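As given in TrEMBL:
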TRANSMEM  12-35  transmembrane segment
TRANSMEM  47-65  transmembrane segment
TRANSMEM  77-99  transmembrane segment
TRANSMEM  111-133  transmembrane segment
TRANSMEM  153-174  transmembrane segment
TRANSMEM  244-268  transmembrane segment
TRANSMEM  280-302  transmembrane segment
TRANSMEM  322-348  transmembrane segment
TRANSMEM  360-378  transmembrane segment
TRANSMEM  390-413  transmembrane segment
Amino acid sequence: MEHSNQSLTFSSLLFATFESSANVIGMVFVGYLGVKSGIFTPTLKKIHAKLVLNLFFPCLLFSQIGGNIDLTTIIQIWPLPVFCVLFAIISGFLGHFSGNILSLSQSKKKFIISATIFNNITAVPVGLIKAFVGTSVMQIFESKYGETAQETASRGITYLLLSTLFVLIIRPFWTYFLPEDDEIDASNHSLLPNQNPMTQVKPITLFSHLNYTNSTEESPLLLTSKGSSSHSLKILILTNIKHILSIIMSPPICAGLLALIIGITPILKSLFFDSKSLLYIYLTANTKLIATLTVPMTLVAIGAQAGCVKTLFIKRITFKPVVYIMICRYLIMPIIGIIIVLSCKFIAKDLDWFIIHDPMFIYAAICLSCWPTAIDLFDTQDELLTLTYSSYILLSPVIWFTLIGLLSIIAHITGTFGTAL
C-alpha cells in the first residue's frame, strides 16, 4: 500500500485530512453556488434529487454490497446493526429531553428527535473514504492481508452502505415512539408534513407524506383512530401498512436487498459479478459506472438544498432547535460513539475477532454516531433548510476537525503514528 514505508506524523495527517475533507466540502459548495448563481433552477434541482434517490444511490448499493458481501461477512458484521440501534436510542433520548431543556412545543420536539437520530452515514463518510485513497491516511487502515488501498476503502464503504440499508429498513417504524402532538396552530404550519415519499429523512412523522384530500393545517400529524368506527380503523391499518410497504419497496431498499440475496448466493454472484459473465458485462459493469457518480451527485444535491435557505442567518424562531441539533450531532454523539466503540474493542482485545480489530470497521462504526443530519432533498421547510445550511455550509470546517480527531484516535490505537507526534 502506498506510503506504507513511511511513518505517519500528525502534520501529514493534518494535510491529508484537509485534502480529503476539502474534496467533500467542495462538492457541497458546488451545489450551493449553483443555486445562488441561478444555474440550479427549482426544476433542475428536483430532477437532480430524483436521479440521486432513484438511480444513483440504488446503483451504488447494488454494485458495492453485491460484489463485496457473502454469508460469512454478514455474520461477522453483526455489531453494525447493534451500533445503529444503540446510537439511535441515545440520539432519541437527547432529542426527547430537548423539549424540557429548551421549553419547545411537541412539534419542534419531534423535529429535533428526527434530526438528531438520522445522521448522514452515506455521502459524507463514504466520500471521505474515497478521498483517503492515495493519501497517507490509508496507512491507518492497513490490514494484515496485504490489501491494496482500493480494496481497503471498498471494505469500509461496504460497512457503511450495509448500515445505511439497515437504517432505511427500520426507519418506517421509529415514529411509533414519538411523543403525542400538542394542539397544532397556524404558527407551526412550517412543521406540517410535506407530500413526498422519496426522502432520506422524514423529520416529522412516519405518515407525513400521505396525501389526504381533506387534510388541512389543523389536521393531526399522525393518523388516529380515536372516535372512529371499526371500518375506519381497518382503513387506517391498511393505509399504514400500504405506506410502510411503499417505503420498503423503494428503489434503494429493493436494490440493497437484491444485492444481499445475490451476494450470499454463490451461483447468482458468479452470474452478476464474474467479470466474464454476460450479465456483468451488460448490467453490473454499467451499474458500477453509474455508482461512481453517486457520492459527488449526492453532495451537490445537499449543497443545492442548502442554497435554498432564504436568509444567511438563523432565524430566532429556529435558533434554539438548530443549535441544539448541531451540538448533539457534532459534539455529544461523536464523543459517545468513540467511547462506546473503543470500549467494545477494549473488551474484545483478547479475542481473535478480525472485525472488531479492523481499523476500517472502527472508523465505520464511529461514523454511525458522527456527522451532520441526513437531508431530505425535497423538503423546503424553513427549519430543515436552516439546519442544512448551518451544518453543511456555515459549519463545514467542523467536518475537518471531526475527521482529524477521529483518525487521530484510530491511528493511536493501531500504533500508526510515528515518533514525530
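Placed from the backbone N, Cα and C atoms, the Cβ positions cover glycine too.
If one looks beyond the transmembrane segment (111-133) by at least 6 residues along the same chain, the residues whose Cβ comes under 8 Å of a Cβ in the stretch are 16, 19-21, 23-24, 27, 57, 88, 91-92, 94-96, 98-99, 104, 141, 149-150, 153, 156-157, 160-161, 163-164, 167, 171, 174, 178, 191, 200-204, 295-296, 298-299, 302, 321, 324-325, 328-329, 333, 363-364, 367-375, 383-384, 387, 399, 403. Outside the transmembrane segment (153-174) by six or more residues, the chain places 60-61, 64-65, 68-69, 77, 80-81, 83-85, 88, 92, 117-118, 121-122, 125-126, 129-130, 132-133, 138, 141, 147, 202, 206, 243-244, 247-248, 250, 252-253, 256-257, 260, 358, 360-361, 363-365, 367-368 with a CB less than 8 A from a CB of the stretch. Beyond the ends of the transmembrane segment (280-302), by six or more residues, the same chain brings 24, 27-28, 30-31, 34, 45, 48-49, 51-52, 55-57, 59-60, 62-64, 66-67, 122-124, 126-127, 130, 271-274, 375, 377, 388, 392 to within a C-beta distance below 8 angstroms of the stretch. Most Cβ pairs under 8 Å to the transmembrane segment (390-413), among the stretches 12-35, 47-65, 322-348, belong to 12-35. Nonlocal intrachain contacts for the transmembrane segment (47-65), taken as residues 6+ away from its ends with a CB within less than 8 angstroms of a stretch CB, comprise 40, 122, 154, 157-158, 161-162, 164-165, 198-200, 251-252, 254-256, 258-260, 263, 284, 287-288, 290-291, 293-295, 297-298, 300-301, 304-305, 377-378.
Same-chain residues lying 6 or more positions outside the transmembrane segment (322-348) and placing a CB less than 8 Å from one of its CB atoms are 79, 83, 86-87, 90-91, 94-95, 98, 101-102, 112, 115-116, 119, 314, 356-357, 362, 365-366, 368-373, 383, 386-387, 390-391, 395, 398, 402, 405-406, 409, 413.
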